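Undergrad: Heads up, here are the entries from TrEMBL:
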ACT_SITE  469  active site, proton acceptor
BINDING   190, 229  FAD binding site
DOMAIN    186-294  domain 'Acyl-CoA oxidase/dehydrogenase middle'
DOMAIN    333-484  domain 'Acyl-CoA oxidase C-alpha1'
DOMAIN    528-660  domain 'Acyl-CoA oxidase C-terminal'
């Protein structure tokens with residue numbers, strides 16, 4: 001081919017395009033007016049209900065104390081106030097190195113300590129004191145997960161273990177010193193080789209009758225203590241969970257107090273500590289690894305409320321059964337799970353409040369030739385993505401409040417229920433939080449990627465909740481195992497079900513109407529009947545399948561492992577029914593009026609989105625194809641009904657503006673050239 005002729009043809013084609021006359025009918029292009037920000041409060045309808053009343057339902061307790069702590073953090077430069085547009089926001093500076101983040105976390109703790117935030121966190125008693133502590137913890141977590149985890153390790157894990165496992169001599173020596181942050185304790189349970197399987201930890205403690213000391217060793221690399229919060233830099237003491245050997249016989253897991261740093265911060269002899277390194281989140285927490293080399297601790301440092309070793313080496317315990325003794329040692333983790341579940345709900349609230357406010361001011365595309373661009377939240381697809389998450393978050397707020405009240409009023413008789421509820425809700429609420437964060441991140445488009453807009457960074461910060469203090473999948477297996485035990489006990493004793501909300505199992509099997517109208521789909525009775533039907537059927541199926549495997553020669557434990565699919569479905573069914581029941585109870589306590597009507601919409605959305613998202617309703621025939629389709633359509637109708645209330649609901653979450661982000665307000669001004677002078 002002649003290069004010159006080819007070039008000539010290209011020139012001719014381009015010239016033809018450039019000289020092509022415009023169609024005579026086409027209107028001249030006009031410049032569109034620049035976008036401007038209108039606060040959603042100006043364009044949205046006034047609230048149809050009392051925002052403060054909804055906040056009281058969702059927060060549940062200590063509203064004034066929460067607001068006091070929020071103000072305390074806003075007032076201090078330690079909490080990194082940043083000016084964006086005409087507003088000031090507070091959030092950690094994630095551009096700092098992990099060393100800088102750890103240092104500023106400690107300075108924030110010292111500030112809160114001086115302002116009296118931690119008073120009574122360990123030495124206080126009574127339900128009111130514990131609820132106030134949980135409320136403060138939720139506020140701190142809204143600001144920074146590293147700060148809340150750092151405090152949680154010292155006050156709840158270390159402090160809780162001293163309180164629950166220890167006796168007066170331990171309480172007198174360490175509790176007040178911990179509350180005053182003179183002793184900085186950590187909790188050395190997990191190891192490189194064993195996380196969720198605490199029974200399998202390999203650290204060994206042997207009693208020396210000659211010196212009346214325990215000698216603690218890390219016998220192999222897999223026994224190194226791993227992910228120990230506070231260990232890398234700041235902890236002065238730790239609780240070591242070890243296999244206790246008495247005369248060569250293992251007595252199971254026991255807890256010992258040991259000092260790991262001196263007053264000058266130097267690591268103690270016979271202790272080695274290394275840093276776990278940089279993480280995808282929580283870099284303000286100094287997670288560390290610990291090895292013990294013939295570390296000697298006094299006999300008195302055995303936390304002995306459950307078991308003790310006498311000076312002559314005799315082992316004594318008020319709990320003879322090893323399994324029950326082990327369960328007693330897991331008590332501090334229950335509080336952690338309660339706290340994690342409640343915190344997860346608040347982080348979902350942060351993400352949803354930011355996302356809804358942005359979606360009520362950000363527009364994209366028009367649906368008519370000369371029409372205005374449409375608000376994101378006016379797109380049905382956007383409503384489908386966000387509004388069910390709001391309903392779930394509100395329902396889960398009620399469930400978290402129920403769990404907290406149950407925990408702070410605990411008795412020996414309620415411990416089993418608390419373990420089951422805390423396991424199921426910790427797993428379900430943290431999974432929901434990760435889904436909400438991810439969906440909100442995407443719903444905010446590119447702005448969701450910016451660290452200052454919080455949602456994306458919170459995703460990395462809170463991902464760990466799915467695995468720490470109990471892997472969610474393992475926790476849900478424990479729930480199913482406990483439900484199976486209840487089922488088998490009732491069957492064996494030919495007795496009624498009592499507790500855990502399982503009383504519905506004593507009633508006749510619910511009958512689901514064939515023709516589901518909108519009125520039926522939104523009724524509490526239908527929703528509870530449907531979720532109870534799923535739960536009772538799955539419990540029966542699970543028990544039957546486990547029994548079949550046992551009949552084939554499998555052990556009960558192996559049979560339950562082989563039935564894991566039904567176990568997972570059952571745990572989900574139990575948890576979702578529990579949440580619905582609690583949320584419906586909160587709704588029923590309200591007087592007739594706009595707030596009760598709103599709660600009814602949120603409750604219906606929660607129930608029907610549970611149906612929409614779980615294939616078991618079709619898999620096992622609880623609903624026909626037509627009924628499942630009707631439920632799906634009703635979710636879309638509920639989106640339309642909830643859309644006018646979206647701003648009001650997220651405004652009732654009680655999160656101060658400063659703890660949201662720039663895209664929740666005037667995101668144009670916050671990104672203006674002029675705003676660069678504030679950076």
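From the backbone N, Cα and C atoms, a Cβ is placed for every residue, glycine too.
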Undergrad: Over the span of the domain 'Acyl-CoA oxidase C-terminal' (528-660), count residues by DSSP class, listing helix, strand and coil in order.
TA: 110 helix, 0 strand, 23 coil
Undergrad: Could you give the number of helix, strand and coil residues in the domain 'Acyl-CoA oxidase/dehydrogenase middle' (186-294) as assigned by DSSP?
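TA: When I sort the residues of the domain 'Acyl-CoA oxidase/dehydrogenase middle' (186-294) into the three classes, I find 6 helix, 51 strand, 52 coil.
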Undergrad: Determine, to the nearest whole angstrom, how far the Cα atom of residue 229 (FAD binding site) is from the Cα atom of the residue listed as 'active site, proton acceptor'.
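TA: About 12 Å separate the Cα atoms of these two residues.
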Undergrad: What is the number of other Cβ atoms found within 10 Å of the Cβ of residue 229 (FAD binding site)?
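TA: Result for residue 229 (FAD binding site): 25 other Cβ atoms within 10 Å.
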Undergrad: Looking at Cβ-Cβ distances, which residues of the chain lie under 8 angstroms from residue 469 (active site, proton acceptor) while being 6 or more apart from it?
TA: 333, 336, 337, 340, 426
Undergrad: Taking the Cβ of residue 190 (FAD binding site) as reference, which residues of that chain separated by at least 6 in sequence fall under 8 Å from it?
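TA: The answer is 198, 201, 225, 226, 227, 228.
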